[in-house]
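K.L.:
After the structure tokens below, expect a handful of questions from me.
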Amino acid sequence: MATLQTTSDLCTPTKHSAHDTISMVRVIARVRPFLPHDGSTNSTPCISSLDSPGSEVTVHLKDPCSSRNENYKLDSFYGQEDKNVKEIFEREVMPLIPAVVNGSNATIFAYGATGSGKTFIMQGNDEVAGLMPMATSTILSLSEKMGGRSVEISYYEIYMDRCYDLLEVKAKEIAVLDDKDGRPHLIGLSKIPIHSMLDFQEAFSCCLQRRKVAHTGLNDVSSRSHGILVISVSNGPVIGKINFIDLAGNEDNKRSGNEGVRFHESTKINQSLFALSQVIYALNNNTARIPYRDSKLTRILQDSLGGTSHAVMVACLNPGEYEQSVRTVSLAARSRRISNFVHSASKHNNTPKIPVDMEARLRTWMESKGKTKKPDPSTPRSINKHSAFKSSGKRMPISTISEQREHKFVTESAPVRLRKVLYPINDNMNANIHSISPKQHSVAADDNTNTPLNKFKTMSCNLKSTLAHEYINFLNTASMMELQQLKGIGEKIAGYILELRDASPLKSLSDLEKIGLSSKQVPFFFL
């Protein structure tokens, strides 16, 4: 596994362009209906809303067993109706989807105590569609109308403060690494393309079966992990994402009766939610250190809390639980004051799309050194790695391509392993040497610095610079198969390289340190 590069948690000033817009975290409250196991369905809920001037609402909480009451300001309030899930989607989520399809990022997360209806509002059930399937359907429809867009989904969970890919049959742990701008990325997270809601439902239902759930004293089907669905929309190099995060609920172990594994699970859940509250506190008070790295959950939410993503928090409330509801709404109200800086114009990936013809570069270099004759134009060129697909559309076996390539070079020149030299020396170097006039040559000959050794050092320096540039160019353009052909690069490391360059094209070999590779290792990959 790649080593994790440590970065400072200090909150440093962020540079925002003139095209960035400030987007406050939008916070809404949803009260679930009374359920049979709550007792009498005629009970009066401890939560209600009061009319407020302007675009906000006042959420009023009253303890039925005492005279205590609390008031908090939120952006919107939805009462005890199952059908309000569709209303929440249309008013809170749907307005964000056009921006996501055009390359922006958004996050919707449900927060609340265990049993408050978070999973219901996100996933829905057989009768009521949740926010996740409704958003997927809308994105597919809009992408089809706009054309040229592809849709992919990922689904993972944070269990015991570790991330697991639930699209894999055997859930595998995935690493969380930061890019050069400090944004977290999940390295090796699976993505599958979806073209219809049938594709989505098949993948989504498998993921839900793999997510950790268990019976507790407070909930028959209690989520033991935070579940995250990621919907990605690609339009060429522009990628927009919307994250749906179903947070596990805060639990009182005395009331739930958790023991053994359940106790350790709830401890980790509570710790991650406490870390979330600390991040919100730090952002509201402009503290020097924002503790994003105190848990995996807060690292994942970093772009949604004080970052560059649109964000909506759904505070889910149990109508019969006053104390829990006060804690939930209190934190939700503080989240409203968090500002995100959303990019109005998406950055395009400038990674070159033209494949590197490795053999042509090798041939040119060998010809420049007089190690082989220029090929006869009438002689068919050797097959390179990009000709694996013939015009018929059939893939040739890799072994066949390698045999043809090796045979071609053995017959044309002295025996050379193909990977010994990858790229030609910069032609400008030779041109500059031969373009010196006789007078300049005489002056240069008198100069003590123009010795054979210094000439060699100059050429060596230029060669190193050229090779470094070509290494970077190859790593930015190679396919998964081509990367795996490098010495010491397996499927896992190749996947890390693809994830790293998708986040931002490699600009120097030192960028590989983010996935645990040293720049000094790179030349050995091409031996």
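Glycine is treated like the rest: Cβ placed from N, Cα and C.
I grabbed these lines from TrEMBL:
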DOMAIN    24-338  domain 'Kinesin motor'
BINDING   Gly112, Ala113, Thr114, Gly115, Ser116, Gly117, Lys118, Thr119  ATP binding site
REGION    368-395  region 'Disordered'
K.L.:
If you draw a 10 Å sphere on the Cβ of Gly117 (ATP binding site), how many other Cβ atoms land inside?
P.N.:
23
K.L.:
Which residues does Lys118 (ATP binding site) neighbour through Cβ under 8 Å, counting only same-chain ones at least six apart?
P.N.:
Ala110, Tyr111, Gly112, Ser223, Asp246, Leu247, Gly249, Val314, Cys316
K.L.:
Least buried of the binding-site residues Gly112, Gly115, going by other Cβ atoms within 10 Å?
P.N.:
Gly115
K.L.:
Looking at the binding-site residues Thr114, Ser116, Thr119, which one has the fewest other Cβ atoms within 10 Å of its own Cβ?
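P.N.:
So among Thr114, Ser116, Thr119, the binding-site residues given, the one with the fewest Cβ atoms within 10 Å is Thr114.
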K.L.:
Once the chains shown are all counted, how many other Cβ atoms turn up within 10 Å of the Cβ of Ala113 (ATP binding site)?
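P.N.:
So the number of other Cβ atoms within 10 Å of Ala113 (ATP binding site) is 23.
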